[in-house]
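Some features that Swiss-Prot has for this protein:
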- Cys141, Cys549, Cys552, Cys558: [4Fe-4S] cluster binding site (BINDING)
- Asp270, Asp320: Mg(2+) binding site (BINDING)
- 1-26: transit peptide (TRANSIT)
Amino acid sequence: MLGRALINKYGFLIHPRRFVHLNDKSLDGTFILPSKKNHMYDVPTNDPSGILNASDIDRINNLPFFDNTSPTKETNTKEGALLSEKLASVKELFGEDPENPSFINYRFPRGLENPYFDIQVNQLKKKRLSVTQLCTTQNWCELRNFYDFYSQNLSNQLLNLKFQVQKGKKIHKSLEDETHPELNQYKSFTHNFLALTKLSMDIDNDMDALLDNWFNSINRLVSLFTKGDGHAREIVCHGFINLEDGKLVEHLLNSDSKTKENVIISGVIDHLTLRNRHNHQVQKGAAHLDTEYQSWGNILTNLLSNLKELKSNNEIVISDIKTRSVPKIPSIESVIESSKLQTMYYKFFFSHLSQDMTQTYHSFLINAQRRGLDVDAPINPTKILTFILTNPLFANDVKNLLYGLPINHSAFDNDAKGSNTFDMTAFNDLLDRGPTSFNVPIEQDEDSSESTKCVSLRDYGHFYTKWKTPLTLKYFAARLSQIYFIVGNLVSNDLMIEYYYHNDNFHNIIFPYDPLKLGTHAHDSAMVWFGGRDMHPIEPTQKNFNTYCKFCDYRHVCSWKNKNELKLIDLGKELKKIILESSMK
């Protein structure tokens, strides 16, 4: 039934024993001339004259009609070229299906370890997975998803060319900018400040990215309780999953050397909402704290001491934001279920990070170390200076490090002293050359339209010296452990998916946290990532092929689809024969 396909030089894929495919594409990326409809033409198999051989195909190739045809438009586009390259890459790695030559195998390549080591560790040099990677294994077709994972660079380039993907990113960014305008203001200030002072910010990209994520998360979560409007967006979180048994890790040891079998799962929460526990109204400035002359440390101490009261009246809802090309929620249940699970992971992570501040402190340090970062290395002084100038709460807080005072975090205070030094003495030179006054962004009050204020470098001269306690990632991990402990204790069991069409939030789904469902999903996803099972293609029904395969990049070269569609055709013929025979009796 599955005889070897013959492909003519123009891409027609011909199965001599069965039928001719039109509007198809070969595995090497050759595109086939489109017809108005994708017909299948039966070739009578009981008539030898009806079977096309190599000579017949050669005659077809030389018909004048084919000499005047031009390649399809898709092959001339950047998207078409990337797609051809991706298909060739996946074919080379997975190989052809030995039972169905010319089509890609639907089993993991032999000789490779498992997707986690093949893709994350060896290919991307990342010793971690993401929540998205766990949730997208089963949200659509697991086969397609892992073809994409193994060709991640090309797949991402193709995704970035798609209009809807770009539109979705813009919506997420506009929501973040609306809630946290200080981020763009900080970037603009830093660009101008470095240019005017002729300073450079020589900092490792991975360190810079992590530092920004940690700094922004602390600042946004603190603002959630102070001057914020009851919302925080783009908050990092993480947890661990066991490499051996695929279970989410609930309790961590404090040393990374004892947790090597646990893989980090990282995520970014789209939206947190602080609301009244009883009437569900959004809470603005729930802690009723005046932030003037305050510091991160003072605010965190206040929140921790009043946590019981905060918890009795308030809760925090975790939301995931999904953008749509039409104002309708997905019709496929597995897609909605995947979004629900994604939000459940975030809930679990915050619960994990709110059990014990010392454990959470070490958890963040392990996260940084797994990224190859030195948690004891002093952070770039210029980076810290920009934080000091633009964030008074941070500036007031790090005075403790400047003077060698404790920050009221036992794990950090016992761990902070080291041989490294943190020296900002060089910034004294700025006072003798160039401008010393700058407009910096400020957090706006509702009754104020001012978005900047003028500061002088001379006002911060006390920082331009050698600090008694070096400023390292450990300081940020300590403050993160405190604010995550507070937020985690307030996280609601109600979770939410927000659907956006353009900038309109047209529908929300609220659902309960289900730890049993989450545990089952985590284990099943871990098994495929860590090599405990093979990929699960979609159930081979015609409805599924029509639904899942319609826009799939691999639809023309997928052996699973091809083989099972042939079986469905044969089954249809058998049923037709049975019906005819029954009607003749």
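All positions are counted from 1 along the displayed chain.
Glycine too: its Cβ is placed from the backbone N, Cα and C atoms.
Overlay of Swiss-Prot feature records on the structure.
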| residue | record | Cβ neighbours (10 Å) |
| --- | --- | --- |
| Cys141 | [4Fe-4S] cluster binding site | 24 |
| Asp270 | Mg(2+) binding site | 22 |
| Asp320 | Mg(2+) binding site | 24 |
| Cys549 | [4Fe-4S] cluster binding site | 18 |
| Cys552 | [4Fe-4S] cluster binding site | 19 |
| Cys558 | [4Fe-4S] cluster binding site | 27 |
(request) Write down the Cα-Cα distance for Cys558 ([4Fe-4S] cluster binding site) and Asp270 (Mg(2+) binding site), rounded and given in Å. (result) 35
(message) Show me the subset of Cys141, Cys549, Cys552, Cys558 whose Cα is within 10 Å of Asp320 (Mg(2+) binding site); these are the binding-site residues I mean.
(response) none
(message) Quick check: in three-state DSSP terms, what is Asp320 (Mg(2+) binding site)?
(response) strand
(request) Starting from the [4Fe-4S] cluster site formed by Cys141, Cys549, Cys552, Cys558, give every other residue of that chain whose CB sits within 8 Å of the mean position of their CB atoms, in sequence order. (result) Leu143, Arg144, Ile538, Phe545, Tyr548, Tyr554, Arg555, Trp560, Lys561
